[in-house]
Each structure stands twice: as structure tokens, then as C-alpha cells.
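Residues or ranges marked as sn-glycerol 1-phosphate binding site in TrEMBL: K13, Y160, I161, E162, Y163, S164, G165, G190, G210, N211. Annotated Mg(2+) binding site per TrEMBL: D15, S41, in sequence order.
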Amino acid sequence: MSQIFETWRHVFKLDPDRELSDEELEAVCMSGSDAILVGGSSGVTYDNTVELMSQIRRYELPCAQEVSTLDAVVPGFDLYLIPMVLNTDRTEWITGYHREGLENFGELIPWEMVAAEGYIVLNPDSTVARLTGADAGIDARAAAACARMADKLMRLPIVYIEYSGMYGDLDLVHEVRRVTDEAVVFYGGGVRDYETARNAAAAADVIVVGNIVYDNLTAALDTVRGVRDFI
Ligand code: 1GP
């Protein structure tokens with residue numbers, strides 16, 4: 001079964017806990033990006049997720065929720081991405097919350113709209129690394145092992161290289177993609193302008209752009225062009 005993210009190259013990740021004006025949101029949604037991901041590591045609630053989703057829904061591009069807490073799963077997205085952190089030993093972030101969700105809602109889940117992400121968390125200073133207790137200092141060889149675990153052993157459809165807040169080691173990203181055959185490789189972290197986007201696009205399949213949307217919208221919009229120009 002083909003999934004909508006297989007054709008994506010650039011996505012913006014918007015945080016329900018942060019504010020954008022209507023004009024800013026319009027610029028993001030009309031930028032030529034392939035999709036909007038809604039999610040964040042802290043402060044995500046049902047209410048702020050509904051609010052952001054309904055604003056994005058005025059535009060045509062696909063909108064996916066990246067689920068980080070069971071309390072904030074909102075119906076109405078095109079796709080639900082479920083992170084499973086591969087470089088942590090805290091089992092709740094690998095299968096624990098997942099099992100809890102499935103015990104409660106397993107019968108109700110529209111599986112054709114769900115995809116799991118094998119997360120490799122690589123910035124030790126990020127909220128996601130602290131929250132999940134990820135062993136974020138791993139080298140390219142260990143990251144490649146995580147990618148193979150996702151792609152070959154678990155057959156997850158997405159490998160997500162998460163440098164949230166810092167620009168990553170693109171050699172590591174290349175190595176992860178080299179060893180990944182079936183899964184789509186997402187890269188996120190520190191993409192903040194045309195150049196960083198273009199270079200990241202050479203290393204991964206899908207470039208995720210987050211923080212810069214809130215810090216410098218013009219530069220964020222340039223990342224779409226950077227990815228397109230690489231293609
Ligand atoms: C965060 O991977 C995304 O989950 C994007 O990272 O916020 O650093 O762009 P940035």
C-alpha cells in the first residue's frame with residue numbers, strides 16, 4: 001500500500017503550543033511545501049491541536065499529526081505518525097505508550113491512516129532527547145544499526161533522524177539512508193535557510209522544518225526553494 005508521505009520532500013512541523021498569525025500560517029501553507037506535520041514535545045493538548053488543525057484545514061495541503069501524547073489525538077487529520085524511539089532504553093517510548101493506546105483504542109484506529117516512525121534522536125540538548133532518555137551521542141555506525149532495525153527488522157515505513165534544534169551530521173544522515181532500503185528517511189533539525197535545506201535534501205528523502213518558522217518566517221520559506229532546487 002502506498003502512503004502519502006512517499007512523495008513528500010519538504011514538510012513544515014508546526015507546534016500547537018506556539019503561535020502564528022493568520023498571515024504567517026497562510027504563508028506557510030501556501031509556500032509549496034508538501035505537507036504540514038502537527039506536533040511537539042511539550043505543551044501539546046487536545047484543544048491546542050484542534051485549534052491548529054482547523055486553521056490549517058483552510059488550505060489544501062495534507063496535514064498529519066505526529067502523536068506524542070495519547071490525550072491529544074485529534075480526529076480529522078489525513079495521517080497519524082507514531083514515533084517509536086529506537087535509541088532509548090526507556091521502553092515506554094518504544095512500545096509502552098503504544099500498547100496503552102492500543103489497549104484503549106485498538107478497535108477504533110483507522111490503520112490506513114497510520115504510519116510508525118523509527119525515531120533516532122541525536123541532539124542531547126533537545127527536549128525530545130531529555131524526555132525520552134535517548135542515547136543521543138551515538139555515532140553513524142550505531143545510527144545505521146538503528147535504521148536497519150527500523151527498516152529490516154521492524155519494517156517501519158519511516159526512519160526519522162531527529163536533530164531537533166541543531167543542524168545534524170550529514171555524513172551520518174547519508175549513512176542512514178545508504179543502509180535503508182524500504183523506509184522513507186525523514187531528517188529534521190536546524191534547517192534554517194536555503195543552503196541548509198538544499199544540503200539536507202541531498203542526504204534524506206523528506207526534510208522537516210520546525211523552529212525557524214517561528215524565528216524567521218522569510219528564511220523558513222526559503223527552505224522550500226532549497227529543497228526544490230536540489231530536486
Ligand atoms: C523537530 O525535526 C523537527 O521535531 C525540526 O527540527 O525545529 O530544528 O527545525 P527544527
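Just so it is clear, glycine is given a Cβ too, placed from its N, Cα and C backbone atoms.
Overlay of TrEMBL feature records on the structure.
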residue : record                               : Cβ within 10 Å
K13     : sn-glycerol 1-phosphate binding site : 20
D15     : Mg(2+) binding site                  : 21
S41     : Mg(2+) binding site                  : 19
I161    : sn-glycerol 1-phosphate binding site : 28
Y163    : sn-glycerol 1-phosphate binding site : 25
G165    : sn-glycerol 1-phosphate binding site : 16
G210    : sn-glycerol 1-phosphate binding site : 24
Inset, instruction - Report the binding-site residues (K13, I161, Y163, G165, G210) that meet this criterion: Cβ distance to the nearest atom of ligand 1 under 6 Å. Use sequence order and write none if nothing qualifies. - result: K13, G165, G210
Inset, instruction - For I161 (sn-glycerol 1-phosphate binding site) and S41 (Mg(2+) binding site), determine the Cα separation and express it in whole Å. - result: 15
Inset, instruction - Quick one: of Y163, G165, G210, which binding-site residues lie within 10 angstroms of D15 (Mg(2+) binding site), measuring between C-alpha atoms? Sequence order, please. - result: G210
Inset, instruction - Work out how many Å separate S41 (Mg(2+) binding site) and K13 (sn-glycerol 1-phosphate binding site) at their Cα atoms, rounded off. - result: 12
Inset, instruction - Measure between the Cα atoms of every pair in K13, Y160, I161, E162, Y163, S164, G165, G190, G210, N211, the residues the record assigns to sn-glycerol 1-phosphate, and report the largest value in Å, rounded to a whole number. - result: 17
